[in-house]
Amino acid sequence: MDIRAKYIEFFKSKGHKVYDSMPLVPDDASLLFTNAGMVQFKDIFTGKIPIPNPNIATSSQLCIRAGGKHNDLENVGYTARHHTLFEMLGNFSFGAYFKKEAIAYAWEFVTEILGFDKSLLYVTIHESDDEAYELWQTHIDSSRIKRMGDKDNFWQMGDTGPCGPCSEIYVDQGEEFFNGEEDYFGGDGDRFLEIWNLVFMQYERGSGGSLTPLPKPSIDTGMGLERVMALKEKKINNFDTSLFAPLMRKIEEISGHQYISDDEKNKRINPIQANTTNSYNNSSLEATKLGSDETVASFRVVADHARSVAFLLAQGVNFDKEGRGYVLRRILRRAVRHGYLLGLRKAFLYEVVGVVCDTMGTHYSYLKERKNVIMDQCKAEEERFFETIELGMQLFKKELEKILGKEFLDLEHSFNKNILRKIIELGEAYCRGIYALPSSKLMEFAQGAITLEALKIAIEKHNTDKQFKNSGIPFFSGEVAFRLYDTYGFPLDLTQDMLREFGLSVDMKIFEQCMQEQKNRSKAHWKGSGDSVKNGDFNALLSQFGENKFIGYECIQAESKILALLDSDFNKVETLVSGVEGYAMLDRTPFYPESGGPVGDKGGLFSDNPTSIQHVTAANNVLESTSSCSSNTPKNQDSKTLIQLAKVIDTQKYFGLNLSKIQTLKSLKTDDKVIAQVDSSRFEIAKHHSATHLLHYALRQVLGNHIAQAGSLVEANRLRFDFSHPKALTQDELASIESLVNMQILNQNLQICETMSIEQAKAKGAMALFGEKYGESVRVITFGDSIELCGGIHVQNTAEIGSFYIVRESSVSSGVRRIEAVCGKTAYTYGKAALESMKSLKEQLKTQDVLQGVAKLQAALKDAKNHVNKAKQSVKSLDYEEVNGVKLIVLKLDLIETKEAKEIIDKVKNEHEKVAILLLTESNDKVALTAGVKGISSLKAGAWVKEIAQILGGNGGGRDDFASAGGKLTDPKKLQEALDLAKQIARKSIG
């Protein structure tokens, strides 16, 4: 049964608008990831934005709970229902229907569509909710309705805000596998499984804890797809369902291990007769280990984490050292570690991720579209971790040995941990003389294949550990945990996950101290931000005025009225005095707000009434009135004669409101009429924006359709485009991309702007940015073969872009590349600078063919290096003149710089106890002398070179053991005279 499709279709038939799953990365600074179905409707529930029409909705929302406050990471694999990624089915009412309809819809879907036996259904309600009790009684016997307190059945978004009682629907899974003390209705056991939570948001909680009834109560419900699937397939564990079956088969194929579901494990526990003296061979023991709890947990961790990795990479999250990217890295590395436990020693997760793309790509098509690049990114990150995991595991084990002892660890390694614990338990009973053990327990004892001697060691160690734990002594070193994190890439929670198997924990005080000392690698702290925005008066403005009209596609100047003014904290005010910053909401605005890459427009607010306001000189860079939407624009109006009231320094959109951030030059009041005028930088921004579209198209043409935008910045003097690609681009690829963009510019493609439905746009082949919110009608911009959904400002013809140059290509993070480029005026400046550099190179190389000149220079450099090497060899093999036990070398070397001469002298001095060496080199009519002396008190290097330099018309000197001098090559005969004199002086001093 396709439960997702059934759910959506059911509520669609009830008039609900179907919403796509919003991105896993929410547009909400207070959340790390989207963690519930109501997140995309949060601003509606809190009143930040108006209620949509229709005012009832339904969705199947992907959620991640693996970081921040909502973090299930450490439990995944060890429980039946914890996941890092899951799907939440939900239906929502924004003041339309309430408890009666919500309860009726839920009962109808659960019993008639899903077909659950009514006799197995139970519900809980809040202890004070008599209305819900009466409504449920029309569907279910009162004996199966349980009242619960605030802890279980009262929901609230935060300390303040919308809240209310909730009602949960439970399914009785039966007594067969659930018979613990807590397995009763309302208990903490697993027999009664909650599948659907209906939240009745009917109150507003005040700062003092007071509850005020809401004028329009709302409904927020959530039902986990994975657990409903398990119930429908009669599985007691979500991981045993058909959702995960293809992943488990792939892990079996890769690892060679067998996945044992909970159902199979329960079937295999059959009492048999066994003898405690029997021992099993290694193959039998290995077969036991293959079905162990630890192996099963590792299967489940890998399967779950592969889903999260696939979706996060597909949605543009990339591996990083902080924030969401670091959470993604933690998820992957935890999966790799569990693969390591399965015996895998090279990248494997990417293959499981590929299966996720295939199986879930049917519904989430972007998984299939980006499958190859997702797998490449995953594999590259795995390979990086596998380079260090072995060394990290060695360090981890070494530290464990200090705490637990090598003998116990050897037993843990040799035998399945779960069976070892049972053996210890049985062994204690055995040693006390209690022999009447159940046959199934004896079988487990026998399967352990453990000797009584080894058992004794285990028992003694086990008891010692218990004494340790009771005294609170054993902690895993915080310093070692930090080394695992900092040097070997082991996230802290991965180390903690490994330690839980031994009942140990990290010394967090020391770990945190190490983190503080290593600030550059400190963990990112995600905190709510933008409190001023959060507390702004936006809803009041929307209720009073609605969204203000953007007219900037048609004009750059407009007569407008100030509808509202906000101070810098977004509080509504009637007046902004001169010299302050704030925000202006205009009834009709030509200013385009920052969106999707292009920065927000700048400009000014002006007045053309010099009699009422003191004159202020207008900014020089304000556009002249070439395009106006003013209803009564003064004829021959010159922007420099306008009176500037405020500078517009940015334009942003907040909850549908187009607000201009301003610096006032004169006092402004609500209802003032102004002339809004856009800065001339708008034209250059438009050029770079249109060039970004052409670049995106060119990238997909040259590199492939896996290219997806991962971020962009469009300014007046440059563009920056981030995109998914697993490796650096070659020079040929960059040249092809740049050429293709310039060809599109030279083709003089006209801008075609169309408005159509999102379905029509996709059918047309328009590229949409993942995570962007699009309405039912979208704006499509076409330049030749480039077709994209876009609401931004563009050139009318690609010829206006001028030219396009790629300035730089670099890495942003794992699997994400960045191209920086320029066009328009900046490209002209860039090209001119490049030509000037070329001209200078020609002059320096003394040739018009720069490439040929550089080739000659490289050849000359190569010859010079060869000559240096030969010179060094010639000195080494030189027949030294020996004078009174001193090696004397006086030599002229060609094409040798002073640096190389010094290296030769140092080498010779290191090889001999007593030596005097002088080297003469010449270059460009200049002569250099370099001398070294060792073990001789009668000859000083400084005086030696100084006297020789005088023959060459130069001077110099230095220390007694090393000196240098220079001269001019006016007469070639002087070189030989200098060499002869050098020998004479040395011989005389030494002799």
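Backbone N, Cα and C define each Cβ position, glycine as well.
Note that the coordinates shown come from a computational prediction; the quantities given were computed from them, not determined experimentally.
The feature Zn(2+) binding site is assigned by TrEMBL to H689, H693, C790, H794. The DSSP secondary structure for C790 (Zn(2+) binding site) is coil. Cβ environment of C790 (Zn(2+) binding site): G596, H693, R779, V780, I781 lie under 8 Å away, each six or more residues apart in the same chain.
The feature coiled coil is assigned by TrEMBL to 854-881.
What TrEMBL lists as domain 'Alanyl-transfer RNA synthetases family profile' is 1-833.
Using a 10 Å Cβ-Cβ cutoff, H689 (Zn(2+) binding site) registers 26 neighbours.
Sitting within 8 Å of the Cβ centre of H689, H693, C790, H794, and not among those site residues for Zn(2+), are the Cβ atoms of P598, A686, S690, T692, I781, F783, E788, G792, I793.
Residues within less than 8 Å, Cβ to Cβ, of H794 (Zn(2+) binding site) and separated from it by at least 6 positions along the same chain comprise A686, H689, S690, H693, Q751, C753, I781, F783. Note on the coiled coil (854-881): its mean pLDDT in the predicted model is 72.
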